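Beneath this line is the structure, given in structure tokens, with notes to follow.
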Amino acid sequence: MAEEQARHVKNGLECIRALKAEPIGSLAIEEAMAAWSEISDNPGQERATCREEKAGSSGLSKPCLSAIGSTEGGAPRIRGQGPGESDDDAETLGIPPRNLQASSTGLQCYYVYDHSGEAVKGIQDADSIMVQSGLDGDSTLSGGDNESENSDVDIGEPDTEGYAITDRGSAPISMGFRASDVETAEGGEIHELLRLQSRGNNFPKLGKTLNVPPPPDPGRASTSETPIKKGHRREISLIWNGDRVFIDRWCNPMCSKVTLGTIRARCTCGECPRVCEQCRTDTGVDTRIWYHNLPEIPE
């Protein structure tokens, strides 16, 4: 079912592309609306609504299936088919060259179904959507001699007058896509349509704009204003000698690096005190052999 819906969506987009290439005139739209009103009042009576367009009133020179149809299943209406056009145009649409006016069984009426497969009642708009079932999945709809292959249009919600809001700045749609690609293909156009609609209305925008600060410049990074704590740190050295362990403890300035070995480090900042409370009670501070770097330690 998803594949069939994708096929109908594609056919609809192709028809919209043809309409955007050469839009229908206002006179033809008024006639279609009048015919639709008559059909809605008398659903059992079939009325022919297609007429030959005058030169310049409509740019569609090839037939395009009308989206207006009776729920009783009438003949498909062809708009813009002149007296000189034959059934070759039907082959362009993917329809076999036969009498289109007599192929009433080629129309298929779609309803809305729930997850259990039952038809949902009370929805009137879905009953009037008539789709030509004889269209091939790879067929294209022509929109004139100078049709645009890479153009597309989104139809928005109809206004109170019955006319649809169109978006002529949409991105092109790929010719062949699967059912899983419908959401991806239409995502950019939906966002563009929402952006245009939100810009055109007078209602305040909901939410707030997210302002992302720029990344920090490493060249302008400032040092911390908090000074490094000055003082001494206590270091411990364990030496194994056979079955004995010698433990040595001493202090080094806080600003010096921690290294291996019994090393008496020197203050690099010039602010660390010479002795602390622990240094004063250290009896071996004067008799201990100090090394100021690793190469001085004998192996």
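Placed from the backbone N, Cα and C atoms, the Cβ positions cover glycine too.
Taken verbatim from Swiss-Prot:
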BINDING   His232, Cys251, Cys276, Cys279  Zn(2+) 1 binding site
COMPBIAS  134-145  compositional bias 'Low complexity'
REGION    41-99  region 'Disordered'
REGION    134-168  region 'Disordered'
SITE      Trp240  site 'Interaction with host STAT2'
SITE      Phe246  site 'Interaction with host STAT2'
SITE      Asp248  site 'Interaction with host STAT2'
SITE      Trp250  site 'Interaction with host STAT2'
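All features noted in Swiss-Prot, drawn onto the structure.
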residue : record                             : Cβ contacts under 8 Å, 6 or more apart
His232  : Zn(2+) 1 binding site              : Cys251, Asn252, Pro253, Met254, Cys272, Pro273, Cys276, Gln278, Cys279
Trp240  : site 'Interaction with host STAT2' : none
Phe246  : site 'Interaction with host STAT2' : Leu238, Ile239
Min neighbour Cβ count (10 Å) across binding-site residues Cys251, Cys276 flags Cys276
So, three-state DSSP: helix, strand or coil for Cys276 (Zn(2+) 1 binding site)?
coil
Specify the secondary structure state of Phe246 (site 'Interaction with host STAT2') as given by DSSP, simplified to three classes.
strand
Starting from the Cβ centroid of His232, Cys251, Cys276, Cys279, which together make up the recorded Zn(2+) 1 site, report each further residue of the same chain whose Cβ lies within 8 Å of that point, ordered by sequence.
Gly231, Arg234, Asn252, Pro273, Val275, Glu277, Gln278, Asp282
Can you check what DSSP calls Cys251 (Zn(2+) 1 binding site), collapsed to helix, strand or coil?
strand
